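Straight out of Swiss-Prot:
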type	residues	note
BINDING	SER10, PHE11, HIS18, GLY94, LEU95, ARG96, GLU104, VAL129, ARG130, PRO131, ILE132, THR133, ALA134, THR135	ATP binding site
BINDING	SER10, LYS42, THR79, ARG93	substrate binding site
SITE	HIS18	site 'Transition state stabilizer'
Amino acid sequence: MSRIALYPGSFDPVTNGHLDVVRHAVELCDRLVVAIGIHPGKKPLFTTEERLVMVRRVFEPVAEAAGCAFDCTTYDNLTVTAAQQVGASLMIRGLRDGTDLDYEMQIAGMNETMAPGVHTVFLPASVGVRPITATLVRQIAAMGGDVSAFVPPDVAASLKSKFAG
């Protein structure tokens with residue numbers, strides 16, 4: 001039986017922090033499914049299709065290099081339901097700090113009650129990516145700042161293009 005892991009997020013945009021999580025996650029599973037959450041109340045910078053392309057372009061080579069099957073999907077329901085729908089027994093969550101841990105522990109507890117077969121795996125962020133958030137990256141890019149230290153090169157180019165003119 002293969003071990004399937006779901007890594008959910010908005011990925012708006014993909015950051016080096018997300019990439020750090022994926023590099024570790026592919027070592028824990030046979031198949032990694034990155035799930036992009038679609039939230040009706042949120043207005044993302046990148047369209048769903050743009051985020052799907054970004055996620056595939058950045059994460060798929062990492063999974064392939066590790067011998068891990070890779071998939072990308074979207075979901076607009078409960079994250080734990082999305083995990084069940086793809087057959088995941090693991091849900092991957094990255095942690096930057098104690099605030100993340102407190103929040104994620106609450107969510108993990110609720111998810112465990114709703115889906116006892118889906119186990120949350122917390123991956124601590126590597127030191128170099130701990131301060132990175134997609135929100136800060138968007139703000140820096142919107143103000144014309146250089147985000148190349150925080151996102152993969154393709155993503156930096158996409159952000160520059162998004163805010164040009």
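The backbone N, Cα and C atoms fix where each Cβ goes, and this holds for glycine too.
Since this is a predicted model, take the numbers as computed values, not measurements.
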With every protein chain in view, how many other Cβ atoms are within 10 Å of the Cβ of LYS42 (substrate binding site)?
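LYS42 (substrate binding site): 9 neighbouring Cβ atoms within 10 Å.
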For LEU95 (ATP binding site), write down the residues of its own chain that are at least 6 apart in sequence and whose Cβ falls under 8 Å from its Cβ; none is a fine answer.
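In sequence order, the residues whose Cβ lies under 8 Å from that of LEU95 (ATP binding site) (at least 6 apart) are LEU101, GLU104, PHE122, LEU123, PRO124, ALA125.
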On a C-alpha basis, identify the one among SER10, HIS18, ARG130, ILE132, ALA134 that is nearest to ARG93 (substrate binding site); the candidates are the binding-site residues.
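Ranked by Cα distance from ARG93 (substrate binding site), first place goes to HIS18.
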For a quick check of packing: other C-beta atoms within 10 Å of the C-beta of SER10 (ATP binding site), how many?
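Cβ-Cβ neighbours of SER10 (ATP binding site) within 10 Å number 16.
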